């Protein structure tokens, strides 16, 4: 052994050297070319690099992977490591997601596949195994339909973004496993009808956005079970009528938007008008389109005398629901020729005259309060690494020197200078 090295290993220097060796990090795969990597939490950002496929050399410890704004066309099984918590793939050219791609990502909490204009269909088991997934983004694709069991097993999901697709129909029980879902965004599609069990299972839903569709009918039981819903948007559709029974199933409703629909303020409007007389909600205008003598009036401001010429209402027991042999037009709030609308009065007789859902000791919340924490998809930008946990210099191309390694290196510096 060299004399200089023997002297270095004697005395206090040996402890300092041992501390240095213990602090050395284990060998890990390098950061993929053109990407930026951070060590805490393990993050790889490869956004906006014109990648046509996912990089092959991703560190297996990666927890957050940002691949947005590339040209990636397909995803295959085995591409992603099992430690992923966040995966952003929005604004690519995705057209195919092979079965099993996400099956082993059991820790994944957020998956963003939005703004992929070539993604026209999904396999039924695309999201199988994602039991911890909390946020799923499928907005602004070209999806025209969804398999009936596409969301099966997503028991932790809280946010589901399906807006601005080409969805024509939603199957009954499509969301049946999503007991924890609080936000469902379906606006900007081509939906024409809401069936009886389309939202069954969504007992925790707080916000439901259905504006900008082509809705012509809503089943009287479509919202049954949505006992926590506070925000409902149905504006900018093709609704001429809406069953009052449907809204009576929403005891927590606070904000309702029905504007920009061709409301028929004839006998068909009576159930909805009766609901407004008892409900305590913040609502948009409900402007009459027909008949001509009521055009431009607000449906909510009509009087009981406006419905005196209507046929006598049919008695309905509180809590009763129509069976399969009932008229489909009646169930969806569309009056048949010569058929009287159902009497809504018994549905509201037990509602309190005053709103008992206001906050104690303060003013009622405004709609802005409810949306204050929500940033639209267009506002997400191209954030490289969200959160303060992974701030690093812009030119960083690898993990920063750990604090545990700095101390022993500093203690070796004087020794090295002494033996030069």
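Note that Cβ sites are derived from N, Cα and C of the backbone, with glycine treated the same way.
Per Swiss-Prot, the N-linked glycosylation site annotation among the candidates 93, 325 falls on 93. Candidates 180, 236 were compared with Swiss-Prot; the annotation N-linked glycosylation site appears at 236. Residues 315-327 are the range that Swiss-Prot records as region 'Important for interaction with MAG', among 315-327, 406-418.
Residues 139, 155-174, 207-219, 221-226, 233, 238, 331-332, 374 of the same chain, all 6+ positions outside the repeat 'LRR 6' (180-201), place their C-beta atoms under 8 angstroms from a C-beta of that stretch.
DSSP assigns residue 50 (N-linked glycosylation site) to coil, not to a helix or a strand.
Cα of residue 236 (N-linked glycosylation site) to Cα of residue 50 (N-linked glycosylation site): a span of 38 Å. Separating the Cα atoms of residue 50 (N-linked glycosylation site) and residue 93 (N-linked glycosylation site) is a whole-number distance of 10 Å.
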